[in-house]
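Residues annotated as transmembrane segment in TrEMBL: 20-43, 64-86, 92-117, 235-260. Annotation comment: TrEMBL describes Cys155-Cys188, Cys156-Cys172 as disulfide bond.
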Amino acid sequence: MVMSGKHFSVHEVGCCIKYFIFGFNIIFWLLGVAFLSVALWAWSEKGVLSNISSITDLGGFDPVWLFLVVGGVMFVLGFAGCIGALRENSFLLKFFSVFLGIIFFLELTAGVLAFVFKDWIKDQLKFFINNNIRAYRDDIDLQNLIDFTQDYWECCGAFGHEDWNLNIYFNCTDTNLSREKCGVPFSCCTKDPAEDVINTQCGYDIRAKGDNEQKMFIHTKGCVPQFEKWLQENLTVVAGIFIGIALLQIFGICLAQNLLSDIEAVRESW
């Protein structure tokens with residue numbers, strides 16, 4: 001009778017934690033499915049699924065990869081957490097804890113390295129943006145990402161609007177026959193509150209004009225310094241988000257370990 005009462009008590013504690021972990025991870029798993037679905041749909045629209053070799057054709061960054069990686073990680077973690085908690089599977093719960101711990105460690109390491117090697121990170125960011133400027137017209141998703149970035153941070157290029165000279169359609173060389181020659185994308189243009197419709201040709205020939213006239217119609221500051229400025233202005237919010245994510249990960253690891261202890265205690269009581 002004593003053993004039966006002990007088993008009942010442990011089982012009740014495990015039940016609360018078990019269904020909490022299950023409920024939390026089912027949401028996580030569904031979000032992972034949604035991210036993967038969006039990524040596969042985007043690749044399907046671009047014809048990548050029918051021609052897998054085209055994945056390597058893009059010179060810049062394909063934003064779909066971000067959805068695939070994030071969605072894949074969320075899918076695997078959510079699945080392990082859901083099934084591990086529901087079926088009281090020790091292996092899946094250990095996998096969930098270790099995988100979450102590795103992600104937490106990688107995030108912590110990335111944060112420390114980013115702080116220590118700020119100049120190197122800045123150089124890599126400049127290289128990354130310039131590489132994607134070259135591939136601006138190669139992929140619609142990349143184009144939308146760059147336009148959103150430049151519009152949101154009111155910037156143009158990595159360190160200035162002249163970075164668009166790297167793109168074959170926007171450079172000012174004599175061999176460039178494009179109508180966009182010596183111009184910038186419309187996302188570099190300053191907004192006119194009186195205009196309801198976006199003027200997609202506002203950046204045409206703008207870099208062939210004088211500096212003062214350029215500043216009247218386009219943003220001349222680069223996205224890297226604008227991002228640094230935004231980060232300094234929103235440092236508290238950004239730090240709060242990262243701390244919140246870290247605490248959520250630690251909380252998930254603790255819950256999984258607690259459930260594992262309960263499962264082992266129940267099995268020992270048998």
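Placement of Cβ uses the backbone N, Cα and C atoms for every residue, glycine included.
Comparison of 20-43, 92-117, 235-260 by number of C-beta pairs under 8 angstroms to the transmembrane segment (64-86) places 20-43 first.
Each of the disulfide-bonded residues Cys155, Cys172, Cys188 was scored by other CB atoms within 10 A of its CB, and the lowest score goes to Cys172. For the transmembrane segment (92-117), same-chain residues at least 6 beyond its ends with a Cβ under 8 Å from one of its own Cβ atoms are 25, 73, 76-77, 80-81, 83-85, 242, 245-246, 249-250, 252-253, 256-257, 259-260, 263. When Cβ atoms from all protein chains are considered, those within 10 Å of Cys156 (disulfide bond) total 28, not counting its own. Between the CA atoms of Cys156 (disulfide bond) and Cys188 (disulfide bond) there is a gap of 5 Å.
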